[in-house]
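Presented below is the structure to which this report refers.
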């Protein structure tokens with residue numbers, strides 16, 4: 001009896017233990033499920049909160065990448081203790097490696113941008129990213145930002161072009177991520193030829209070029225695709241935000257900048273001209289830009305091919321953005337910066353990789369090819385600004401010149417007058433000449449009793465070679481001057497046509513005295529109004545192509 005009782009107690013004890021274990025296991029499953037639900041609710045609340053404070057939520061859309069071990073991919077190339085974090089990539093790799101590939105970044109767009117709507121049938125694009133020995137953390141963050149922050153139907157593929165990196169797996173392992181493809185060069189080709197290779201195999205009708213150390217912002221792609229859909233000859237770029245090379249902070253860039261350059265073909269960011277600012281009432285509207293930075297832009301593939309792709313005889317990197325920008329404008333297209341598109345970029349202070357002929361010689365070769373094909377007689381100013389280019393080899397440009405002729409592209413003079421009139425043509429020793437309209441010439445007419453300098457038109461006396469002193473003018477550095485006195489508009493407002501033009505003592509910093517030539521017009525640089533003759537005075541008026549009173553001849557003393 002005791003034995004039976006002992007066995008019964010043992011059985012009951014085991015049953016109790018098993019029952020307790022089963023209960024706890026089931027409870028744990030339910031708890032995990034409910035935690036997942038609450039987590040989703042928290043994520044939903046977090047995403048709403050982040051949207052309110054204009055931060056992109058850290059949410060990965062779609063299914064996880066099958067077969068891609070993100071942790072293993074990143075840990076294989078992390079810095080060793082004591083290594084210089086800047087040495088290999090010219091940015092702080094240690095800080096980059098600390099960050100999640102899916103990190104949230106701030107929405108830096110203008111508050112009006114979220115209310116802009118776009119077509120529901122925007123074309124899909126092939127995103128082309130070229131790289132050479134890029135840090136795995138920045139490369140992966142670039143790829144994942146595109147996938148996480150772009151509607152899936154707009155990304156046909158992401159083509160990674162590995163420009164002969166030391167480790168092929170930097171690229172190959174990423175093909176385990178959906179939509180990512182990898183092309184590997186069997187020798188170092190450089191960004192330019194690598195991009196052409198990526199474009200040639202791209203399946204989409206629209207190409208999007210990205211650098212390999214970027215993070216795209218929310219709704220970055222639809223605004224650019226919309227502009228290209230409306231006009232396939234547009235080449236569009238986002239506002240390029242700054243990712244700190246030191247701590248990888250994401251910093252908003254100004255929305256009032258466009259691309260510019262000097263005669264040495266050195267790219268610079270510059271303020272939008274004042275007259276354009278004054279007419280911009282909608283901050284979401286595109287900004288015309290003379291050149292693009294070149295690292296990030298969207299272009300129709302057929303237009304890219306029609307224009308001749310890139311100049312494949314250019315080496316590695318540098319200068320290709322000028323060549324493409326001149327070609328787009330002069331051959332019938334346009335360049336825009338779209339304010340509602342934002343992409344962050346790590347700007348480095350040095351190149352982390354080697355150029356076969358050195359950085360300086362490579363840049364000279366590339367920009368010299370640009371100058372010889374596209375700058376016509378103005379290439380002399382390139383050589384004056386960059387004398388080290390004189391005599392340097394740059395290869396044959398015969399096929400590029402022939403292609404320009406076949407496309408019936410406009411002149412560089414047209415580009416300066418219609419696209420980039422702010423680029424001043426250098427004047428070494430500006431000699432006096434006359435400013436003529438019909439048989440009359442612009443002349444100073446002494447002073448009145450109040451001491452004001454008088455200005456008017458009079459019958460031309462003498463010649464351009466030997467003008468009368470009152471009709472001899474010097475037009476240089478945006479000033480129209482005579483013996484220390486300069487033409488000045490009395491108003492710089494575009495809304496004030498008919499304002500008199502007077503003579504006053506020259507002040508190179510005075511905006512009222514700034515003028516530029518635009519074809520046969522003399523245009524006030526600030527107001528955008530044109531110099532016009534009236535019966536009793538000279539005024540600034542709205543420029544009109546058929547206004548004879550606004551047509552001028554500037555005949556230099558030669």
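Residue numbers in this text run from 1 along the chain shown.
Cβ atoms here come from the backbone N, Cα and C positions, even for glycine.
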According to Swiss-Prot, which candidate in 110, 306, 345 joins 211, 213 at the Mn(2+) site: 345
Annotated stretch (region 'Disordered', per Swiss-Prot) among the listed ranges 33-54, 55-76: 33-54
Annotated range (Swiss-Prot: transmembrane segment) out of 7-26, 87-106: 7-26
Secondary-structure category, per DSSP, in which residue 113 (disulfide bond) falls: helix
By Cα-Cα distance, the member of recorded positions 163, 212, 441, 506 nearest residue 340 (disulfide bond): 212
For the region 'Catalytic subdomain A' (122-227), residues assigned helix / strand / coil by DSSP: 41 helix, 29 strand, 36 coil
C-alpha spacing of residue 331 (disulfide bond) relative to residue 212 (substrate binding site), in angstrom: 29
Under 8 Å by Cβ from residue 486 (disulfide bond), counting only residues of that chain that are 6 or more apart: 479, 480, 503, 504, 505, 506, 507, 510, 513
For the topological domain 'Cytoplasmic' (1-6), mean pLDDT (0 to 100): 50
Site with most surrounding Cβ atoms, counting all protein chains shown within 10 Å, from the binding-site residues 188, 348: 188
